[in-house]
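According to Swiss-Prot, the protein has these features:
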- 9-29: transmembrane segment (TRANSMEM)
- 82-102: transmembrane segment (TRANSMEM)
- 130-150: transmembrane segment (TRANSMEM)
- 161-181: transmembrane segment (TRANSMEM)
- 191-211: transmembrane segment (TRANSMEM)
- 236-256: transmembrane segment (TRANSMEM)
- 265-285: transmembrane segment (TRANSMEM)
- 296-316: transmembrane segment (TRANSMEM)
Amino acid sequence: MTLFKRQWFVLVSAVSAALSVVLFPLEVFSASPNSVGGGVQQMNILQAIVLGFVQGMTEFLPISSTAHLKVVPVALGWGDPGVAFTAIIQLGSIAAVLWYFWGDLTRIIKGATRAIALKDYADYDLRLSLGIILGTIPIVFFGLLIKKLIPDFDSSPIRSLGAIAVASIVMSLLLGVGEKLGKRERDFEHLTMQDGLLMGLAQALALIPGVSRSGSTLTSGLFMGLQRETAARFSFLLGIPAITLAGLVELKDVFAEGIADGAALPLIVGVISAAIFSYMAIAGLLSFLKTQSTWVFIWYRLVFGIAILGAISAGILQNS
């Protein structure tokens, strides 16, 4: 099997596996969860593994982990696991990205520290670090603003299946335009602080369920003329502070409200499952984008959104 065919097979298989969970609900998964303190839903180990798989395989692919974590459990009759559970198992994804990019991160931090000591403000690692910091500010600002203005965001209409479907369709079209018009001239060595800020603004759009943090940043990177792999790699690095902060904030809230008996173990299993599959997704996507376009994700998002709207219209899914 050629390298192209192997890469294509891995990516399509991963996405198809995630989709199959939605399309083929099994009796063994049919039990509805009960609410647990902090907005987390009580679940069994098997459910936690499946949701960890969904989180891991969709967090770093440009198809929205939030959308799939909302749709999959609802389609399987489990109910929405909630914002808190989603944010907590993202800690597994952040562990995976830290593991994968540990060498890059240590080099960037050491380089930036050395540049500050030498007052070499033109240093590449320092500028890259500042780009990541600047890019993190928008999502932190708007995230705190939403938490302040919409305290019941977990149950707001913007988290409805219909809204998620529309967001998925819109982002598929935007990614398609970026894929078509992007010049893809600049590699990782030519990133600027301005790139960090602009991709950070795009990252803030991921606060809207269904948009996809990876999808919005990858799309903006293509519009800015970055190579596909460069846009994806920087998107991963940019996401480290945002995903970590979101997970820690929700983790604090969950522990403050208490976790019901039996809920801790599934959470831990979900985090581990998410970490394993996130690592696989990161490696697979970077390898894939070295030689291939994003059209497989564009079409997937479009079909995913249309399928949800169709299921809602047919009464198969409730627009909740």
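Each residue, glycine too, has its Cβ placed from N, Cα and C.
A contact links the transmembrane segment (82-102) to the transmembrane segment (236-256), because at least 3 Cβ pairs that are 6 or more residues apart lie under 8 A. By number of Cβ pairs under 8 Å, the transmembrane segment (130-150) is matched best by 236-256 from the list 161-181, 236-256, 265-285, 296-316. When the stretches 161-181, 191-211, 265-285 are ranked by Cβ pairs under 8 Å to the transmembrane segment (236-256), first place goes to 191-211.
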